[in-house]
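Notes to accompany the following structure.
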């Protein structure tokens with residue numbers, strides 16, 4: 001949000017200006033020395049000139065020393081800069097070797113800089129480029145200075161779990177064992193998380209039993225929390241209760257993260273009785289206090305259901321208990337008020353965020369842009385879009401879809417053309433969802449030629465049409481009796497995969 005300018009008041013008043021008359025009177029009151037005799041005037045002048053010469057000589061010598069010091073410092077800075085550039089060039093050269101290996105095959109280099117190889121590995125792990133990360137890890141293991149370190153393996157296993165590559169994660173786990181790394185609860189939990197994220201609950205649960213029978217690898221609260229979340233993602237509520245009972249048997253108490261996971265999942269599944277009982281159980285625990293995530297999960301549950309008054313009462317109670325909201329809290333309130341078409345309260349939340357300097361995120365902008373677009377307030381929507389760009393927040397496909405839908409409902413195809421011009425001049429990564437939104441908009445506006453050209457744009461952007469793309473276009477051409485186009489698109493429709501009728505898991 002645009003920052004509000006604040007004026008700072010001086011702590012002390014400025015001093016009064018000097019009074020010339022007062023200064024002159026004071027100067028006159030100071031006794032003046034008697035003038036020297038005339039016979040001594042020449043001697044005094046010579047003494048003064050001699051002192052002035054000495055003073056000038058000292059100043060010149062001081063300036064020379066200062067210049068010598070500055071030249072020395074400049075030379076040292078230049079040498080340091082050259083050394084820094086040399087180090088950077090060596091690192092870049094090492095990275096080039098890594099990239100060359102990745103593109104063109106093996107490179108016989110076993111003396112690469114440790115820091116550079118590890119930096120390259122961390123960059124790929126952070127970006128979830130799992131294939132490239134594994135190749136860099138292979139290069140790491142070939143170095144003469146390499147020693148097995150469990151922390152690197154665990155980082156890679158966690159990344160592979162997030163990338164839904166449980167088989168690769170298991171291979172690394174085995175390599176970790178083969179290299180003699182000592183297994184502990186953290187390493188087992190990383191592999192268990194990889195199985196859980198991919199929905200392989202049977203393997204995750206069997207790994208839990210293996211942990212129980214392995215000395216030094218007993219599961220902890222983090223292990224159970226990850227496994228509980230994995231079960232909740234596929235609506236396996238019965239297994240969740242079994243895990244909670246198992247925790248109680250082994251004397252492991254749920255922590256705030258465990259309770260928050262349960263409350264959030266029960267809320268999204270609209271199982272409000274379980275959500276309420278879990279919250280009450282959490283409040284009964286002495287060392288497990290609710291936090292802002294507890295508040296956000298509760299508010300989201302009631303807000304999504306449209307129970308605005310209940311949501312507001314919960315918000316007041318959480319605040320009274322000392323829990324302060326964050327930006328995500330206000331995003332939930334904005335989204336709930338927008339879905340309830342309560343734009344007055346929505347604007348009040350926006351003003352509150354501005355007044356108390358809560359920085360808007362891309363989620364905030366996407367919520368308010370979509371809400372005002374659905375309300376038909378294009379002026380406010382466009383103002384927020386301009387404000388978003390002025391704040392240097394890069395729009396996403398969600399932002400662009402909201403704009404396209406709003407212009408389609410308002411019957412303004414020329415405005416959609418403006419969105420496409422913005423896309424051409426930006427580096428926003430487009431996906432099939434955006435193009436499907438574009439196809440649907442042109443269908444509603446009866447602009448079939450523009451709708452057809454969307455396929456050309458998708459091909460140019462390297463994005464493939466899916467089942468929804470072709471179905472929407474078939475519906476448009478069928479309503480106009482354009483059978484040849486319908487036949488062509490039905491042939492293309494047979495080449496793409498049909499989406500599942502129901503989601504296997506909620507969007508956590």
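Even glycines carry a Cβ here, placed using N, Cα and C.
Automated prediction, rather than curation, is the source of TrEMBL annotations.
These come from TrEMBL:
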REGION    1-43  region 'Disordered'
COMPBIAS  1-12  compositional bias 'Low complexity'
REPEAT    149-183  repeat 'PPR'
REPEAT    184-214  repeat 'PPR'
REPEAT    220-254  repeat 'PPR'
REPEAT    255-290  repeat 'PPR'
REPEAT    291-325  repeat 'PPR'
REPEAT    361-395  repeat 'PPR'
REPEAT    431-465  repeat 'PPR'
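Sequence-distant contacts of the repeat 'PPR' (220-254), counting only residues of its own chain at least 6 positions beyond either end whose CB sits under 8 Å from a CB of the stretch, comprise 185, 188-189, 192-193, 195-197, 199, 201, 204-205, 208, 211, 261-262, 265, 269, 271, 274, 282, 285, 287-288, 504-506, 508. Within its own chain, the repeat 'PPR' (361-395) has Cβ neighbours under 8 Å at 1-2, 327-328, 330-331, 334-335, 337-338, 341, 343, 346, 350, 353, 402-403, 405-407, 409-410, 412, 415, 426, 428, counting only residues six or more beyond its boundaries.
Panel annotation: around the repeat 'PPR' (149-183), residues 121-122, 125, 128, 130, 133-134, 137, 140, 190-191, 193-198, 200, 203, 214, 216-217 of the same chain, lying at least six beyond its termini, place a Cβ under 8 Å from a Cβ of the stretch. Per-residue pLDDT, averaged over the repeat 'PPR' (291-325), rounds to 93. Note on the repeat 'PPR' (255-290): residues 221, 224-225, 228-229, 232, 235, 237, 240, 297-298, 300-302, 304-305, 318, 321, 323, 506, 508 of its chain, located 6 or more positions outside it, place their CB under 8 angstroms from a CB of the stretch. Under DSSP, residues within the repeat 'PPR' (431-465) fall into helix, strand and coil as 27 helix, 0 strand, 8 coil. Secondary structure of the repeat 'PPR' (149-183) per DSSP, as helix, strand and coil residue counts: 26 helix, 0 strand, 9 coil.
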